[in-house]
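As recorded in TrEMBL, the features of this protein are as follows:
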| type | residues | note |
| --- | --- | --- |
| DOMAIN | 133-322 | domain 'ABC transmembrane type-1' |
| TRANSMEM | 63-83 | transmembrane segment |
| TRANSMEM | 137-161 | transmembrane segment |
| TRANSMEM | 168-189 | transmembrane segment |
| TRANSMEM | 195-215 | transmembrane segment |
| TRANSMEM | 250-280 | transmembrane segment |
| TRANSMEM | 300-322 | transmembrane segment |
Amino acid sequence: MSIVPPHDPTDPTAPRLTDLEPQAEAPAFLTPEDVDERPLEARHIEGRSPWLLAWQRLRRDRVAMGSLVVIGLIILLAIFAPVTTAITGHPPNEQYRETGLSPDGLPLPPSSEFWLGTDDLGRDIFVRIAYGARVSLLVGVAATLMTVLIGVVVGLAAGFLGGAVDTLLARLIDLVLSIPFLLVAIALVSITGPSLAVTVLVIGFFSWAAVARIVRGQVLSLREREFVEAARSLGASDRRIMFVDIMPNILAPVIVYASLLIPVVIVVEATLSYLGLGLAPPTADWGGMISDAQNYYTTAWWFMVFPGLALLMTTLAFNLFGDGVRDAFDPRSDRIFE
């Protein structure tokens, strides 16, 4: 084993440091200011609005996006319901007693002529489901819009104005919430007679209180914020502050509640129709179709199953989509990142 002698600075024959080959230039190191220690997700969201962030989270939720596709298909089925009549040649209320019923007078099972079978009067179930989707979606959306409109206005007024106005409206909200909705709805529809407008008005009138309570709570926490005080100092009116400054900040919970309210309204409308308090026959309606099929569930299962599946798929899709919307507006939720 050889031993390298130590370098002697007095030896003229020893290699000097200046005679050594130049080394590669040392790499420049990053300064602390150049290092971004934030999570990767946070580096891509600068300058994006909360609405855009919510939409990005919603797009990553596969369950919500799948539910949205189902909702879109149901909407298309409702819009193009007349196309189903043109394809099958069967109007929704046309009775085919000779070709649509068995010799015993029972509904026919699914076939090439009647894709989902017929009902007790020989009508095409597929066509009636398509037209029934129109009723369910129309009632669901119209009643929800009415509910949100009344609830937002009452909640804004109660939370922002305060004092006697808040006390009066809060007691009114409690009163409406304490009313047994289904019993009163049945009584009112029985008195006024079944119609689409009555159904929407009854559902909307007894559903706004929950929205008003949510909005009131949000407004109570926002009315003392700095941006509200700044608007007051600039001479803005109460109406402008409520609808221009505060209202945009409470839309997220309102949208979440509305998305979850639509399936509830659809089920309520179907319940009223099942009890015979929906639209007057022969208008196609899912609840009414299920009610008509209750005497045939052992001999004509398709009569009840297919309208029931349409109702189930619609309400389930809206519920799952509403859950996705709620998670998208909640940054603390981790379900959307799965």
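Residue numbering: from 1, along the chain as shown.
Cβ coordinates are placed from backbone N, Cα and C, and glycine is handled just like the others.
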Counting Cβ pairs under 8 Å that sit 6 or more residues apart, are there three or more between the transmembrane segment (250-280) and the transmembrane segment (137-161)? yes
Please identify the stretch among 63-83, 137-161, 168-189 with the greatest number of Cβ pairs below 8 Å relative to the transmembrane segment (195-215). 137-161
